[in-house]
Amino acid sequence: MDTIFALATAPGRAAIAVLRLSGPGSREMLAGLCGRLPTPRQASLRRLRDAKGAVLDEALVLWLPGPASYTGEDSAELHLHGGAAVVEGVGAALVALGARPAEAGEFTRRAVLNGRMDLTAAEGVIDLIEAETATQRRQALRLAGGGLAALSASWSDRLADLLARQEALIEFEDEGLPGALEREVAAGIEALAGEMAARLAGDVGGERVREGLSIAILGPPNAGKSSLLNALVGREAAIVSARAGTTRDVVEVRMVLAGLPVVLADTAGLREAADEVEAEGVRRALGRGEEADLVLALLPCDAPPDPATLALLARRPCLVVASKADFGGAGSGGMPAGGLAVSARTGAGMDELRRALEAEVARLAPGAGETLLARPRHRAAIRDALGWLAEASKAPLPELRADALREALRALGRLTGRVGAEEILDRVFAEFCIGK
Amino acid sequence: MDLRFDVVVIGGGHAGAEAAAAAARCGARTLLLTHRLDALGEMSCNPAIGGVGKGHLVREVDALDGLMGRAADAAGIHFKLLNRSKGPAVRGPRAQADRGLYRRAIRALLEETLGLTLRAGVAEGLERGVDGGIDAVLTGDGARIACGAVVVTAGTFLRGEIHLGPERQPAGRHGDPASLGLALSLAALGLPVRRLKTGTPPRLDGRTIDWAAVEPQPGDDPAEPLSWMTERITGPQVSCGITATTPETHAIIRANLGRAPVHSGQIQGPGPRYCPSIEDKVVRFAERERHQIFLEPEGLDDPTVYPNGISTSLPRDVQDAVIASIPGLSRARILRHGYAIEYDHLDPRALRPGLEVREVPRLFLAGQVNGTTGYEEAAAQGLLAGINAAHRAGGGREPRVLLRTEAYAGVLVDDLVTQGVTEPYRMLTARAEHRLRLRADNAGLRLTERGIAWGCVGPERAARHRAFARAVEDALARARAELATPAALALAGIPVNQDGIPRSLLEVMALPAAAGPALEAAFPWLRDLPRGVREQLETEALYAPYLSRQAAEFAALEREERLPIPEDVDFASIAGLSTEMRQRLASARPATLGSAGRVPGITPAALVALAGHLRRAHSAARAGAA
């Protein structure tokens, strides 16, 4: 029986994230993370370290020896600080100790199988599992075209095709199959493995989840950049004054948009600076504009568009905002089309802006909208599949290659659902003229 | 006339013959009732037995002391081990048999089976007892045969209808009447019936084939027998021929498609995708300019040749033109035209895993009537149905089943009773999740001991099997225990990493570089192993690294396969199952948790709910018993 772990609290930013661990290895793994085992069933503060001794988090730890635990097995709960990086780090350390991310519903399954849960309780939990899966499906749909889920579905499809060809080679050797079939399968395996490996290596969406997307607010002086930032975060983070040039350095605020951490930066207004300090501020503002994942370009309605800001629009992904809409005069000559008219003072247009920002964030971090629970599971599944593809590549016999492809498909099936023998055979018969 | 038997088997095809022989071997007084005794063991289609997947089934039937392998060895005139260049797990032994010799071999095996009576006659009806189960079989000549269980192997005889161009005629096999009385009797039981279709090619007169114009295909020499009990093949062998259709053939077919019953809408039932008619192939794979045809002699003294690959129901004149357009066949005479046959089969999801009809106690169904195709699929079902019928007639209640993890026959029955069929079901190795374990070469090691426990294996095979199994076990134990250092291996000419870690013989045998002579130099006792034992050792070594990596998954699957779902479970009463899940489970009625997981559309959440229910019911039953 494997030792499994999963996030027990809702994924996303929160003060605390509870990670649950269950299985025969729980005792050793918990000891591996926090040194000494705490007294059973007593919350204890422990410093969690990975194998190299690096501190992962300071956490409240519960040691719950079986059978009196949720699953009936040796279990533990780790009450972590709720940051994505912390959860990921502890998850990685657990994998290094031999645990694996739980399948959906696996804790409950074990609880039921170990007789720890009566039917009414199981029923409630099963409803929850269903709800979670439905959410994942919705998220996968929302991210179609770029999301990891959609991608793994297409991998699974290609893998099923490769397996079908491999099976055809085994079942129907004397049926006049195309001569190049074996080479095609080998080439297909190489190509697929290459793509999966590249994707695992450069999981950009994952990086963004850890570090946060950066959004820079840029515009001419006194366009209302600081007012907008304050209106977005809902507190006085930046000093607001009617005098142009108030913000001389970059002001950073962390917030959550579309379930993802975002660093919002307020910058100095773009203009010929009157003094050294302000000039440095403008230089930094422009630098920020170049580095940001997204620029919020602010053009006040009460003035003609600012050339420095317009120049930025051409180079960087921008969301154009026509600020001070309450002053009227929107549509003054040269205002780029599609700008959102907002007023930080009256709140007009702020909801639309927030929605537009969320859409941009989701677009910029494909796959990152999937739950944190699902992500290590995805990676583990893809890593598994990749291992089997390598096995398939070097398999000395056709049936071993087919077996490895089946296992790879089974691994991906944890993301996309099971692909049964009948479906593979459907593909064989659709493609090849079988039957003497 | 009043008679009484423990088991009555209706039908004398491949399912019926195995069922009757197996029931009798298990000690049941058995009657085999068939239209014509001279048609026992008739091969109504291709005169070949075995192949990839099918050969596995034959070896399993053989491992349980069935007839098919021995009869094929006695009647075989062309043997070929398919997939010889691939690994042992997917090698499939195949034999083409002399049709007449095969019938005679089956007849002889049946006649020498103790406790088995053969009788020509027509089953007209089934008599039900107070519990709704079958108590007796009524025959066309007015006899009432009381019985403890009945096995119906009706093949395509239920509302069979032959199509040949515009001609249609009710029939079972060619020249045999359809079983109308039995069909009506089964219909009265209210079992779910569906329609399927299959076809057969025209038969040619071999004396009119230009054999010089076709590519010869000799059999293997030496031939690999189908039965483990056969030492070697002694009968005379013949060569087959290979030819192919031409663009002209395809043009003729295209011009006459409207006259094909399948395309004119005269035939409704779906046919098998792996055995399409030539008209189907021409339509679906329009880009291909040729389709291969194997010319298979049907017998030593019989001029009939079976052109494998051109099954058709086109009108007679079109078949004549098609044959004449094929190289080597320009002057070939058609002895009997090809035809398609539509027939009823019973939805096998109405069966328990022992092949007993769930709603009709003591009625077992086996073979083509369950929606399968192929002699081998029929034989495997017949064998299991016979074993279960005998067990039932003797008062047994728990069905005798083989698991998917144990046998292709297990995969076959589980697929049938939980998934049903959408086309005639044929065995393929891709259907078995554990293909590396379920090999044709180890069928006896997997199944014979079980057969001995069930009583269907005779003393001769039992003794030979046990000696062999012990020898294999000893050799394996020794190969696992005996270690050699890298230095010693290098000395023997087997290059391995000089890491100082000793390897077991089994590990060394898995290395591609470990050739026979070098191995024997390092482990001299290998020389003294009998060939069969040595082969098992080599195959185990070959697959061991792969099998051990799948061991955890295999164990998990096997546990689920062994967790039974009680017959009387009310899926509607299981909390946590959605209405859709309840309906799917209720219609498939899976027998185990493992089967439930393969019911299409069943979610993991539903399985958890089901597992929870089973676990609770199980512990409640235990508490009640205590």
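Quick reminder: no glycine exception, Cβ is built from N, Cα and C everywhere.
Keep in mind it's a predicted model, so treat the numbers as computed, not measured.
The FAD binding site annotation in TrEMBL covers B:G11, B:G12, B:G13, B:H14, B:A15, B:G16. Feature annotation from TrEMBL assigns NAD(+) binding site to B:271-285.
The FAD site is defined by B:G11, B:G12, B:G13, B:H14, B:A15, B:G16, and by the 8 Å test on Cβ atoms against their centroid, the other residues of the chain that qualify are B:V9, B:A17, B:E18, B:A19, B:T34, B:T153, B:G155, B:G367, B:A378, B:G382. Highest Cβ count within 10 Å among the binding-site residues B:H14, B:R273: B:H14.
Annotation for B:K281 (NAD(+) binding site): same-chain Cβ neighbours under 8 Å, separated by at least 6 residues, are B:R288, B:H291. Counting only residues at least six positions away in the same chain, the Cβ atoms of B:V151, B:T153, B:G155, B:A366, B:G367, B:Q368, B:V369, B:A378, B:A379, B:Q381, B:G382, B:A385 sit under 8 Å from the Cβ of B:A15 (FAD binding site). In sequence order, the binding-site residues near chain A (CB to CB under 8 A) are B:R273, out of B:G11, B:G13, B:A15, B:G271, B:R273.
Per Cα geometry, B:C275 is the residue among the binding-site residues B:C275, B:S277, B:E279, B:V283, B:F285 nearest to B:H14 (FAD binding site). Taking the binding-site residues B:G13, B:G271 in turn and counting surrounding C-beta atoms within 10 angstroms, the largest count is reached at B:G13. Rounded to the nearest whole angstrom, the C-alpha distance between B:E279 (NAD(+) binding site) and B:G12 (FAD binding site) is 32. Counting every protein chain shown, the number of other Cβ atoms lying within 10 Å of the Cβ of B:G12 (FAD binding site) is 30. The most densely surrounded of the binding-site residues B:C275, B:V283, judged by C-beta neighbours within 10 angstroms, is B:C275.
Counting only residues at least six positions away in the same chain, the Cβ atoms of B:G199, B:A260, B:V262, B:G271, B:S311, B:T312, B:S313, B:A340 sit under 8 Å from the Cβ of B:S277 (NAD(+) binding site).
When the alpha carbons of B:G11 (FAD binding site) and B:C275 (NAD(+) binding site) are compared, the span between them is 25 angstrom. Spatially, by CA atoms, the binding-site residues B:G12, B:G13, B:G16 include one closest to B:F285 (NAD(+) binding site), and that is B:G13.
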